[in-house]
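Taken straight from TrEMBL:
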REGION    24-65  region 'Disordered'
COMPBIAS  42-63  compositional bias 'Polar residues'
COMPBIAS  93-133  compositional bias 'Polar residues'
REGION    93-195  region 'Disordered'
COMPBIAS  171-189  compositional bias 'Pro residues'
DOMAIN    191-275  domain 'Ras-associating'
DOMAIN    315-424  domain 'PH'
DOMAIN    518-614  domain 'SH2'
Amino acid sequence: MRSAVHALGIAGFASCPPAGSAHAATPCGEGCASRPALQDKVGQSSSKPQNLARTGFSSQSRSQPEHGFGLQLLMNDINSSLESLNSACNMQSDTDTVPLLQNGQHASNQPAASSSRSLQPQASPRQKVQRSQPVHILPIRRLQEEDQQFRTSSLPAIPNPFPELCGGAGSPPPAAAPPSSLPPPPSQPPTKQDVKVFSEDGTSKVVEILTDMTARDLCQLLVYKSHCVDDNSWTLVEHHPQLGLERCLEDHEIVVQVESTMPSESKFLFRKNYAKYEFFKNPVNFFPDQMVTWCQQSNGSQAQLLQNFLNSSSCPEIQGFLQVKELGRKSWKKLYVCLRRSGLYYSTKGTSKEPRHLQLLADLEESSIFYLIAGKKQYNAPNDHGMCIKPNKAKIEMKELRLLCAEDEQIRTCWMTAFRLLKYGMLLYQNYRIPQQRKALLSPFNTPVRSVSENSLVAMDFSGQTGRVIDNPAEAQSAALEEGHAWRKRSTRMNILSSQSPLHPSTLNSVIHRTQHWFHGRISREESHRIIKQQGLVDGLFLLRDSQSNPKAFVLTLCHHQKIKNFQILPCEDDGQTFFTLDDGNTKFSDLIQLVDFYQLNKGVLPCKLKHHCIRVAL
C-alpha cells in the first residue's frame, strides 16, 4: 500500500506541472492550456502523456504543485486509479455472473470492454454483488411462470364464474357468450309447505310437502301413510262447499299452485276415482256418434277416436243441447252448444254452426270444469247432471261461473271427458301410461298392487292331488256352494269346541261382513248413488249396504254402462240354516263374503261381474 500511495503521488505531481516549468507534460484543462510557456510543446508530447495517464505513472521530473489546484488534480488521479483497480476486480466477478446472465439474458446485455466501462460510473464490489441477486431470481420466476402456462394450456378451459371481480374499474365488460352456450339460470330449491287433506268420513291429516309436488305424488304419500292398496285409482279432489263444486285434480298438476287459487273455505279430499282414465280403455262408451264430429274422415275405431282427440292438428267437436243458466237470473235456457279446442260456443240460431251464429261461452285455457254437487237445491238446476266452468282464481263472482246441465249422466260424462282431452291432450295419456310402465318394471316377486278383479281371481278345485282351474261356470257355482257348506261346518265345530267365543254361528255370519271395505252400513239409496258417482261410473263398481225396507236384508248397488242399479239380497232358510241369495234361492251363500267372492268370478243374474268396490279410508 505504501508503494501504491507513492505511485499515486508521483502521478499527481506529474499530471499537471506548475507555471513556468520547463518540463511540461500533458495539458490539464483550460487553465493549463492558457499558459504561453506550455502551448508550443503540446503537439510534441501529446502521445506520451496519454500512455502515462492510462497507467498512472509519469516519466517527467517531479515538481511542487500549487496547493489549491494540485489538490483537485490529486483527487481526480485517485478516482481514475480506483476505477482501474475496480476493473481488475470486476473481471473476476464477471466470470461468476456469466451462468446467471446466460439463464435469462441475451448476449447484448453483457458488459462491454474495459475501455468503455471506464467511461461509465461504477459501483463498489459489494454493490455489484447486491445487484446480481435479482438477476438470478427473475429468470427462475420467469421459467416457473412459463412452465405453469404450459401446464394450464393443456387443460380444458374453465369459464370464470365471476369475471367482473377480475378486471379493474376501467376494464371493459366481458363479451357475452352465445345463447346456446349460456348455462340455464339456477332454479331455487323447492321449499316445504303444509297441506291439509280430508277423507270421506270427515277425518283429516296435515302433510308436509314440497312446493313442486304433484297430485300423483301426494296421493302415493297418503296411500303409504294410510296403509292402503296402491291400485293407481286414488285421486285428490278440489272441493268448494260454498259453491257446491268439486273436481278431480290431474296427476301432473302442482298441489301448491292449485291451493293458491282456492278460497279459504275450500279443501282437498282424498278419494277413489276408478273412471279417471277409463275413456282410454273404452272410448266408444264415452263418446256417442251423434255427439262427435270430425274435420276429417274417421273409421270409428277406438284407436282412431283417441288419436283424433290427442292429435293437436285435428279438430274434434262435441255438439249437443245443454241447459245453460242465464246470467243474473235463476232461469235456465236450452241452447245448442259445441265444444272446440278454442273454447265452448253456443248457437244463437237453432243448431246452426256458422261463425256468425256462434258466441263464445267459456274459454278452456284459464278455466277448469267442475261437477255440481247439489245443482237442483243451490242453483235451481233442472236435474242432478250439472257441471260448471270456473276460472282459475281465488276470488270469483257468481257471474263468472258458467253453469250447464246435461240430460243424463252419460251425456255429462261425455262433455267433461272431452273438456279434459281438449285442454290437456297428451298430458292425460302420459299420466295414464306412467302406472302401467311402473307395473311392467316391477319384479315378479313383488306383490301385485291392484284391486281384486276377474283377472286375479279364478275358481280352483283342490279335491285331487293337484289343483286345477274350473272353467265351467256351473261347476264353479257348485264348488262355491260346497266350499260355503264346508266353511260353515268348520265354523260350527270350532264354536262347539271353543266355549270362549261369545258369537253363535248364525250371529257370526250376520256380522262378519261388517269388517269388509265394500260394506257401508246403514246409508240411504241417495247416499249410495252419490258414492258410486264420486268414485267413478265404471262397469263393476259396487258396494253393499243395509236395506231400509227390510231390516234382515241387504242391498247390492252396482254400476253398469254408467247407470246405477240396486239388487236386494234376501235371507233364506234351508234345513234350519240361514243363507243369503240374490236369485230367489237358486244360489245360496252362508254369508255375504262368499256371495261377493262368487259374483266377482261369475256375473250370474247380474249385468256384469263385481270388479271394484267403493272404499272409504280414514286418514
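Cβ atoms here come from the backbone N, Cα and C positions, even for glycine.
Automated prediction, rather than curation, is the source of TrEMBL annotations.
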Segment confidence, the domain 'SH2' (518-614), expressed as mean pLDDT: 92
Helix, strand and coil residues within the domain 'PH' (315-424) as assigned by DSSP: 26 helix, 44 strand, 40 coil
Residue counts (helix, strand, coil, in that order) that DSSP gives for the domain 'Ras-associating' (191-275): 18 helix, 33 strand, 34 coil
